[in-house]
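Working notes, beginning with the structure itself.
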Amino acid sequence: MAESSFDSVDRDYAEIVVVRHGETSWNAERKIQGHLDVELNDAGRQQAERVAERLSKEPKISHVYSSDLKRAFETAQIIAAKCGKLEVLTDRDLRERHLGDMQGLVYHEASKMRPEAYKAFSSNRTDVDIPGGGESLDKLYDRCTSALQRIGDKHQGERVVVVTHGGVIRSLYERACPSAGKVEKILNTSVNVFRLFDGDKWTIQVWGDVTHLDQTGFLQSGFGGDRTSG
């Protein structure tokens with residue numbers, strides 16, 4: 001997709017730069033995070049610095065929003081500091097999908113350790129809750145798309161950053177491109193630019209851009225940004 005250009009004059013949309021959080025040690029170890037509050041590792045902080053530097057050179061950011069989980073909030077703080085020392089506004093509705101009894105498990109062990117949760121997680125149905133307090137894909141979709149719509153409605157004519165999680169970004173993509181195929185993976189600190197117009201129209205201007213990172217600067221498996229959501 002083409003690079004985004006933005007001029008706030010007479011714009012009938014909000015431009016929302018959606019960024020996945022930086023890497024955590026659990027991403028690297030292929031452990032399932034969900035709502036568990038894991039902080040960035042050193043690689044994740046470096047990734048956050050890179051994306052912050054990039055965004056500071058692009059059109060002005062007016063606000064920075066974030067999930068309240070540490071891995072997203074710390075990424076957002078680094079971006080906000082580079083983009084005019086902005087305050088980070090947290091929203092619990094930007095959290096990752098709650099993955100119930102899957103949370104805290106190494107992915108390849110989950111089917112044996114929590115077979116019922118794994119079965120629900122692997123289901124092709126979108127209305128299946130994961131045992132242990134987990135969410136269905138439908139609940140995640142409703143929660144996070146409503147959150148982004150609220151932000152878009154509040155900031156028409158502005159360019160804002162939202163730092164969130166792989167599963168959330170997959171749902172946002174589905175909202176903007178309902179007839180497109182499934183997203184394979186969303187890399188740490190990837191940049192995804194949405195435009196939210198009056199009348200509930202969403203478009204994507206930039207998708208999955210990690211040009212601010214070196215080839216060795218990110219976890220190429222995309223763990224947690226694929227169906228493992230984290």
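Cβ from N, Cα, C; glycine included.
Sequence annotations record features per position, and here TrEMBL assigns substrate binding site to Arg20, His21, Gly22, Glu23, Thr24, Ser25, Trp26, Asn27, Arg71.
Of all Cβ atoms in the protein chains displayed, 33 besides its own lie within 10 Å of the Cβ of His21 (active site, tele-phosphohistidine intermediate). Among the features that TrEMBL reports, active site, tele-phosphohistidine intermediate is placed at His21.
The active site, proton donor/acceptor feature in TrEMBL is assigned to Glu96.
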Cα-Cα separation of Arg71 (substrate binding site) and Glu96 (active site, proton donor/acceptor), in Å? 11
Other CB atoms, at most 10 A from the CB of Arg20 (substrate binding site): 30
With every protein chain in view, how many other Cβ atoms are within 10 Å of the Cβ of Trp26 (substrate binding site)? 20
